[in-house]
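Chemist: I have a structure here, written as structure tokens, and I will follow up with some questions on it.
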Amino acid sequence: MSARVFVTPPPYTACVRSCTSFRCLGYSVSTPALYVVQVAHRKEVAVDAAQIADLDAEHVWHPYGGFPASTPPRVVASCAGTRIVLADGSELLDGMSSWWAAIHGYAHPVLDAAATRQLGAMSHVMFGGLTHQPAVALAARLVELTPEPLTKVFFADSGSVSVEVAVKTAIQFQRSLGRPEKRRLLTWRGGYHGDTFAPMSVCDPEGGMHAMWRGVLTEQVFVGAPPRDFDPAYVAELEAALAAHAHELAAVIVEPIVQGAGGMRFHDPRLLVELRRLCDEYDVLLICDEIATGFGRTGELFAVDHAGISPDVMCVGKALTGGYLTLAATLTTGRVAEVISAGEAGGLAHGPTFMANPLACAVAGASLSLLDDGAWRERVAMIGDRLAAGLAEVSGLPGVADVRTLGAIGVVELDRAVDMVAATDAAVACGVWLRPFGKLIYAMPPYICTEAEVDAVAAGMAAAARASLAATADAVAGVA
């Protein structure tokens, strides 16, 4: 058991009619006039970085990790702009945008101001039977930005939940049409749609992190992973699968243009055009998961814009709030909403407690406003160009299988699993934060990065690749 420190302040109750702030335990808290502030009599706090790390190791379960953690997490003190400030005072350039979400960087004054204003009105209110301006304004903005005819917006708590909602929407749509047998989904291999049960069922069933759940999850229909270049033979494979299974399919679900956490693979936009045609021909819905790609990451506002198509259902998340708060949305066409509303349930059978959280919606609206001037397009193009130039040096290294870029995405794929410790330490030594996975060292930097910062991210990726290859060289030689 690690040591604990208890800070016990004296009882404190203050009427703040004439006072707008108080200080307790080292934190300054602003309070509106006429409110009564009460401070807990007993509070447990960690007092330094070492103790934070100790308590973390004892109690905190990190994503995709166990106890003890294979690599102890670094303790973060603050974030600003493109920088993560560690507890020891060192700074890391964030090459990940906090898992692809913080497209405007950290502590952005526009987003900070939006959050502060909304806190002054309400941080949360239930969405059942009530509505509010931040949610309505955000829904209208999303309808304006996304392809027609997506006109209905269902707010969700996270990207995974938005995919859950999309899957339920597709199945309930078919059921409302009197076709309850159409309840399976078709997708391609190499995809990733989230970690809750319905999304896991449409992730790669063998090569992905959810393979252990085979036999428990609903068995969906899979075709091969999409090729990088357009291939009529692959379109024929898709059509054959749709023809064979259309009678039981509610929808096709894919990540357009970029397969994210399933392998960071890219594919030709013409494939989406053909997929839209096939879904129409075989009478199944098309769901496009834009959680990772939405809001400019690929060089277009949405990845489907590369192909000029519109899905029946679209999922957005991650960058929706600029990385400030968890929020996602599932958009549908009017027809989908009308059919479900006329069905047996009379509406979509889903309703999260924190649905349309006003604080998150207000920040999301502000985040979208930062994209209005279109300057992000030039910045995304610059990021892609600088990443491509900076990664050219590793493209010919033995052990590097591929180097690819698209929009503000850069990927170095090795021919073996990345040594996480070696790769991460090498990037950190360059002052860059990366989070490799599988065989991939990749980056999705914030759009606000300068040219020099993008060059630094590329250098960090190259260093990580070299360090990982060196660390695994003996193992590869032994196998050979």
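Using the three backbone atoms N, Cα and C, a Cβ is placed for every residue, glycine included.
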Chemist: According to TrEMBL, Gly159, Ser160, Pro352, Thr353 bind pyridoxal 5'-phosphate; which one of Asp94, Asp289, Asp415, Asp419 is listed for that same site?
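Modeler: Only hit among Asp94, Asp289, Asp415, Asp419 in TrEMBL's pyridoxal 5'-phosphate site, alongside Gly159, Ser160, Pro352, Thr353: Asp289.
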Chemist: In TrEMBL, the residues Trp99, Tyr192, Lys318, Gly351 are said to bind substrate. Which of Arg435, Arg466 is said to bind at that same site?
Modeler: Arg435
Chemist: List the Cα distance (Å, whole number) between Pro352 (pyridoxal 5'-phosphate binding site) and Arg435 (substrate binding site).
Modeler: 30
Chemist: Whole-number Å distance between the CA of Ser160 (pyridoxal 5'-phosphate binding site) and the CA of Trp99 (substrate binding site)?
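Modeler: Cα-Cα distance, Ser160 (pyridoxal 5'-phosphate binding site) to Trp99 (substrate binding site): 14 Å.
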Chemist: Near the Cβ of Trp99 (substrate binding site), how many other Cβ atoms are there if near means within 10 Å?
Modeler: 15
Chemist: Please report the three-state DSSP label of Asp289 (pyridoxal 5'-phosphate binding site).
Modeler: strand
Chemist: Record lists Trp99, Tyr192, Lys318, Gly351, Arg435 as binding substrate; longest Cα-Cα distance in Å?
Modeler: 33
Chemist: Where does Trp99 (substrate binding site) sit in the DSSP three-state scheme?
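Modeler: In the DSSP reduction, Trp99 (substrate binding site) maps to helix.
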